[in-house]
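The following features are taken from TrEMBL:
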type: ACT_SITE; residues: A:T179; note: active site, nucleophile
type: BINDING; residues: A:T146, A:K168, A:T179, A:E259, A:N378, A:S383; note: substrate binding site
There are 2 protein chains.
Amino acid sequence: MSVTAAQGFTAAGIAAGIKQNGNPDLALVVNTGPRHAAAGVFTSNRVKAAPVLWSEQVLKGGAVTAVVLNSGGANACTGPQGFQDTHATAEKAAELLGHSAGEIAVASTGLIGTLLPMDKLLPGLDTAAAQLDTDGGEKAAIAIKTTDTVHKTAVHRGDGWTVGGMAKGAGMLAPGLATMLVVLTTDADLDSATLDRALRDATRTTFDRVDSDGCMSTNDTVLLLASGSSGTTPGYEDFAAGVRTVCDDLARMLIGDAEGASKDIRIEVIGAATEADAVEVGRSIARNNLLKCAIHGEDPNWGRVLSAIGTTGAAFDPDRLNVAINGVWVCKNGSFGEDRDLVDMRYREVGITADLSAGSESAVIWTNDLTADYVHENSAYSS
Amino acid sequence: MSVTAAQGFTAAGIAAGIKQNGNPDLALVVNTGPRHAAAGVFTSNRVKAAPVLWSEQVLKGGAVTAVVLNSGGANACTGPQGFQDTHATAEKAAELLGHSAGEIAVASTGLIGTLLPMDKLLPGLDTAAAQLDTDGGEKAAIAIKTTDTVHKTAVHRGDGWTVGGMAKGAGMLAPGLATMLVVLTTDADLDSATLDRALRDATRTTFDRVDSDGCMSTNDTVLLLASGSSGTTPGYEDFAAGVRTVCDDLARMLIGDAEGASKDIRIEVIGAATEADAVEVGRSIARNNLLKCAIHGEDPNWGRVLSAIGTTGAAFDPDRLNVAINGVWVCKNGSFGEDRDLVDMRYREVGITADLSAGSESAVIWTNDLTADYVHENSAYSS
């Protein structure tokens with residue numbers, strides 16, 4: 001499944017020795033055509049990793065024949081040498097595959113601020129190229145894991161066409177944009193402009209609304225590659241819905257595997273004057289550490305939700321705010337409502353509904369609780 | 001010391017039974033004159049507690065004769081009944097002191113969303129009024145503690161005048177404004193307009209730049225009361241510097257006692273094009289959970305600093321960013337610099353310097369690390 005669920009793609013995932021523990025760390029995804037149309041969205045962090053700077057240029061051409069992805073190092077904040085290393089990676093893949101380096105995207109993930117061991121990575125590419133297979137998607141998905149406990153893949157079957165995808169990401173999940181590495185593939189026969197539109201439509205309401213810990217990565221990359229090998233050109237709405245389904249599935253998996261999390265929190269803001277207001281309020285709630293701790297403690301502390309709403313510029317009257325936690329309206333008209341003891345918080349998924357009573361727009365943001373395990377995992381990340 | 005260090009003030013702190021554990025929970029601070037000039041700054045959270053709504057109105061008159069402060073309940077998000085309770089508190093204090101309720105400020109702190117036990121609070125005011133004393137400042141400071149492990153007081157002696165103060169706050173420390181309760185007193189002979197100017201000048205660079213956990217309270221209140229009883233009218237700059245010193249001391253104590261913290265982190269942003277840029281970048285660094293976890297683990301993970309800077313709109317070139325941790329320039333020109341193993345992080349205070357290389361403005365923001373103790377303390381806060 002994964003990126004090889006669609007026809008016209010091969011993939012491989014191997015252990016090149018970039019990670020010191022010997023786990024798989026290098027993935028290669030190749031579009032065997034006949035088309036090589038592609039679209040991409042990247043982090044909006046102004047500090048961008050070398051592979052992001054490279055791949056952004058590649059995507060301007062609208063064609064990608066292969067993607068090289070490595071875990072075990074982000075190649076971010078590595079200066080001119082870091083960029084040269086990304087370039088050398090693309091050149092090596094181009095040579096192995098007989099394509100131009102200008103159509104090879106590169107993505108990296110791992111620790112910021114250290115150079116990649118190119119003496120491991122480049123020979124690893126030989127191995128990966130030799131193992132390319134139409135069944136290799138699963139191995140590729142495994143090779144891009146960092147602190148992920150599971151690899152993440154999704155597939156959507158359309159009428160004569162398929163979208164498949166893989167993702168990695170378990171921390172540093174925040175908006176604008178993806179905060180993860182994602183490769184989506186399709187055998188639909190579409191041009192890069194259509195792919196770009198469908199990808200942006202999908203990420204705007206999926207990856208862009210996942211906000212696990214408010215931190216934005218330097219390496220976020222989401223690519224959509226189309227081989228055209230099904231010979232089918234789906235209608236735009238059908239195709240966009242398929243891409244959105246795959247993105248939604250992968251985004252949900254990212255939240256479900258976020259570092260140290262014990263709760264997945266679905267924040268739905270309703271009654272907003274505008275969608276932008278709903279998103280702003282949802283993000284503010286999602287980033288409130290005190291609320292995230294309270295949810296971890298299974299404490300329906302709705303006062304934290306109101307405090308978070310109050311820091312936004314959204315249209316609302318404090319005396320008309322309503323908040324439900326797992327369906328119990330614990331806050332009505334800005335004050336206490338139904339009995340908070342009625343709220344059952346035993347399960348992993350927690351639903352918070354914030355009603356601004358200011359209009360009819362809405363948005364959903366996903367986040368996680370804040371736990372001692374998150375602290376432990378990120379206290380010792382680089383050591 | 002505390003609020004009774006200046007002449008013309010009495011105070012008391014008692015256990016009224018608002019807190020179920022029997023700890024002190026009610027403070028009264030009285031300005032015995034001859035002047036009753038006052039200024040105040042309040043939370044910029046749009047969800048404001050009843051006592052904030054009340055006291056904002058009181059301060060518009062520029063005169064405060066007494067402040068009633070309670071811990072054990074925030075009286076926030078409590079609807080019309082909550083506001084009536086604040087009003088009744090001011091009326092009761094006015095009756096006891098023979099003043100108008102329109103000159104009685106009220107401040108509350110504790111859990112959001114529950115009504116105060118007025119059957120305990122109002123009789124408590126009788127007790128507090130009977131115990132008012134020119135030495136009562138210490139007891140008042142103790143009575144406003146919530147999760148504070150120590151009470152917080154500070155004093156500055158000018159030439160013939162004094163500024164004293166007390167503060168409570170150990171969590172929910174974030175900008176815009178104070179996220180705490182603070183009462184400052186002075187025997188200087190000044191009008192409310194001068195007090196207001198000095199207070200805003202002081203809070204802008206002290207309480208406003210403390211950002212322990214990025215969460216903004218519904219109850220933040222900082223009051224400055226002047227009795228004029230010294231008969232001295234200091235020059236503005238002298239007086240403003242004195243107020244700033246007391247605010248700075250109290251702000252530093254808040255950071256030093258933040259919930260669960262094991263590190264106090266001083267973030268200095270230099271080389272900024274504007275002070276606003278420096279503050280924006282400082283706050284972004286201060287709110288990065290991944291960095292805060294890394295500092296807890298004594299890990300000089302400067303990549304987290306660059307990631308945080310990259311999310312701001314400040315003027316900078318990613319290739320000209322420099323970062324020092326405890327004096328070691330671990331990041332130079334946006335890439336790795338001096339050996340990170342040289343960074344000694346054993347002590348409680350950690351200094352991060354971020355040089356944007358874009359100008360000559362600077363700002364200092366204080367924050368704390370993120371710890372498992374913070375999570376534990378806030379997982380069980382309301383239960």
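Backbone N, Cα and C atoms are what each Cβ position is placed from, and that goes for glycine too.
Automatic, uncurated: that is what TrEMBL annotation is.
Location within the structure of each feature annotated in TrEMBL.
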| residue | record | DSSP (3 states) |
| --- | --- | --- |
| A:T146 | substrate binding site | coil |
| A:K168 | substrate binding site | strand |
| A:E259 | substrate binding site | coil |
| A:N378 | substrate binding site | helix |
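Those binding-site residues from the list A:K168, A:E259, A:N378 that have a Cβ under 8 Å from chain B Cβ atoms: A:N378. Cβ environment of A:K168 (substrate binding site): A:S71, A:T109, A:A141, A:I144, A:K145, A:T146, A:D148, A:H151, A:K152, A:M180, A:L181, A:V182 lie under 8 Å away, each six or more residues apart in the same chain.
With the fewest other Cβ atoms inside 10 Å of its Cβ, the least crowded of the binding-site residues A:T146, A:N378 in this structure is A:T146. The Cβ of A:E259 (substrate binding site) has 26 neighbouring Cβ atoms from other residues within 10 Å, across all protein chains displayed.
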